[in-house]
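Structure first, then comments.
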């Protein structure tokens, strides 16, 4: 039975001369985006092949694993460690709730590491079964593109297999970047940080993004001394400035030493650990130095330049709004395109690709109002525009509503850590442009708020919603007083 494909908005019938292709679609990379695209394309009736490097918790150019970064060495194992680290504070807080906790608590890092590894192995198996159940043919090995409709897979024994495909999808993700300084080989990346044999007692983290803040929280929560170095005044560049300040305050409150506007210039191996030298001339000794200085697209070994696929200066694959490269038969989704590097976004892009090419439905990814979270302790979660973005993009005045309060749990535990919530409103239309929260359960709450923003909710609709009491979430529907009004073209002014 002939399949129907929609490419560039035009429906075309596959004809007999296309029968010589081994596959309708061949996917290079079986991470979140690649697996989603492969499965959904197969469900539309496409014959699909996919290749992925052999499994290992720590990636390299020749090892990876079905499930990709998020499942094996990213979001999932990191969240497991965040859960583990959060228990330290929870146990402290339990004392004022009547729990008689022994002062000498023991933490078994190797047990947590073993449980984490068991879970990612389980998920790796689930992803393989998902592909098999959808009828997708999985090849273990390294894939590269040798022509507009041809891929080559190098298997573990060195054997090379060649396959033709009507469409090729690049979904190879990204890899941690190392800062090019003397002694860089002494540092680790997030890959190794998730699989350390021993828990460090003294950790240095370089970077101001998600990964840096999260690992600083993890190690501090597990009892390590942590120094966090970053180039800007505050961590988490690109997030709402007011919320960045809240996160910084919480990190310090939890005992993390912050070093703003500071970079590392050299790492030196000593008998006592790794000597860390900063650009201010400071020196300190650490057991572990984590480079969390960004990620680079995994495109180098795909042979893309030879085939004519255009890349940007970072090595990211250039694509149009439908995820198609400059070669009509070659597509790309996920981190390798360096658009919005989040796992759920890669899933969305993979879904839209399958709909467009095999589902008969022209579908473009929608990058508006995508919620995200930083799993610091406590976490930060946001959706929509920050105050700074709203002021820059809005045609009229912007209203800002904020609420800072002591969570009910902290009133008994005695923990001095405020929750902060924020809504950014278009004054003329009353539309909610953005929402932010830093505090316990922020990601769980923000997922629901995101639905409201996706539906175009107004502040009046938030106000007319009955809250759940007692909860932190009800603050989002009870913020009545404007914290500040920024006139068109004005600059944001925070209360911090």
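Just so it is clear, glycine is given a Cβ too, placed from its N, Cα and C backbone atoms.
TrEMBL lists 23-350 with the feature domain 'FAD/NAD(P)-binding'.
For 70-75, the entry in TrEMBL reads disulfide bond.
As annotated by TrEMBL, FAD binding site applies to 79, 143, 172, 173, 174, 335.
Cβ-based neighbour count (10 Å, all protein chains) for residue 211 (NAD(+) binding site) stands at 23. Marked as NAD(+) binding site by TrEMBL: 207, 208, 209, 210, 211, 212, 213, 214, 294.
Across the domain 'Pyridine nucleotide-disulphide oxidoreductase dimerisation' (370-479), the model assigns an average pLDDT of 97. The annotation domain 'Pyridine nucleotide-disulphide oxidoreductase dimerisation' is assigned in TrEMBL to 370-479.
Summarising the annotation, TrEMBL assigns active site, proton acceptor to 469. The Cβ of residue 469 (active site, proton acceptor) has no same-chain neighbour under 8 Å that is 6 or more residues away in sequence.
The Cβ neighbour count for residue 75 (disulfide bond), using a 10 Å radius and every protein chain shown, is 18. Comparing residue 79 (FAD binding site) with residue 213 (NAD(+) binding site), their Cα atoms are 13 Å apart once rounded. Shown for the domain 'Pyridine nucleotide-disulphide oxidoreductase dimerisation' (370-479): DSSP residue counts in helix, strand and coil, namely 36 helix, 33 strand, 41 coil. A Cα-Cα distance of 17 Å separates residue 207 (NAD(+) binding site) from residue 75 (disulfide bond). In the structure shown, across all protein chains, 207 is the one of the binding-site residues 207, 294 with the greatest number of other Cβ atoms within 10 Å. For the binding-site residues given as 143, 173, 209, the lowest number of other CB atoms within 10 Å of the residue's CB is seen at 209. When the C-alpha distances from residue 213 (NAD(+) binding site) to the recorded positions 75, 143, 172, 174 are tabulated, the minimum falls on 75. With respect to residue 173 (FAD binding site), the closest of these recorded positions in Cα terms is 70, chosen from 70, 75, 209, 211, 294.
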